[in-house]
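See structure below.
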Amino acid sequence: MATHTEQLTRPAVRLQGLTRSFADRTVLDGIDLDLPAGQFTALLGHSGSGKSTLLRAVAGLDHEVTGSGQLTAPERVSVVFQDSRLLPWRRVLDNVLLGTDGKEAAERGRAALAEVGLAGRERAWPGELSGGEAQRAALARSLVREPELLLADEPFGALDALTRIRMHTLLRELWERHRPSVLLVTHDVDEAIVLADRVLVLERGRIGLDLTIDRPHPRSYRDPLLGEYRERLLTALGVTEHQGAQEDHQ
């Protein structure tokens, strides 16, 4: 089995000259990007900057992009959205198993639910779950496919602050156990710094900043050494520290 260091020497995703336009507006402007296998990457940008468009392109959900994009294992890609997208007429385990088959699928589904803290909720209906529990079920659904690439589009954006912190811990623990490549789209600078080892800033359709976060895990929001990274990211986003503090409390 390849070590984590060996994984990082080969790209799971390679984008070359990726371009996407809507009417007369270019959203992605010739993006070149490698995402190494096993790396946790976060993508920041203003609303409308093209973050979700880039994620959809990597996931193979947007067929209007030009340029080239190559995934080493596109059949083992999972996507988690802000909305858990659980089918309300199917029980939790059935939602987790959607698109899977084989004798071992149910066993993998139960194991995935246990791993995200939902053991015993297999027969629950989605409407019986809290927002955090629904996102845990969505993560279990992504895990059961044993993805090499996990794409997460603002997965915690609709959760309260305390639940978000708990989900941050869970996502990082799951990544450390399974080591997929992760591309996390977020608008939250602190979320990116605490979770990711590499943070990209999308600006005017291009990667404006590519920053390595060289701090050990687990990380704390209160770590003063993360302040330098935060300042660089806010500057790249065109936000002052004072503005960032105001936005965090809105």
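Heads up, the Cβ atoms here are built off N, Cα and C, so glycines get one too.
Worth saying up front: this structure is predicted, and the values here are computed from it rather than measured.
Per Swiss-Prot, the features are as follows:
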- 13-229: domain 'ABC transporter' (DOMAIN)
- G45, H46, S47, G48, S49, G50, K51, S52: ATP binding site (BINDING)
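When the binding-site residues G45, G48, G50 are compared by the number of other C-beta atoms lying within 10 angstroms of their own C-beta, G48 comes out lowest. Taking a C-beta cut-off of under 8 angstroms and a sequence separation of 6 or more, S47 (ATP binding site) has the following same-chain neighbours: H187. Across the binding-site residues listed here (H46, K51), the residue whose Cβ sits among the most other Cβ atoms within 10 Å is K51. Long-range C-beta contacts of S52 (ATP binding site), restricted to its own chain and to partners at least six residues apart, with a cutoff below 8 Å, comprise D153, E154, V185.
Taking the centre of the Cβ atoms of G45, H46, S47, G48, S49, G50, K51, S52 as the ATP site, the nearby residues of that chain (Cβ within 8 Å, site residues left out) are T53, L202. Across all of the domain 'ABC transporter' (13-229), the predicted model scores a mean pLDDT of 89.
Look at K51 (ATP binding site): DSSP puts it in a helix. Long-range Cβ neighbours of S49 (ATP binding site) (same chain, at least 6 residues apart, Cβ-Cβ under 8 Å): V27, L202, E203.
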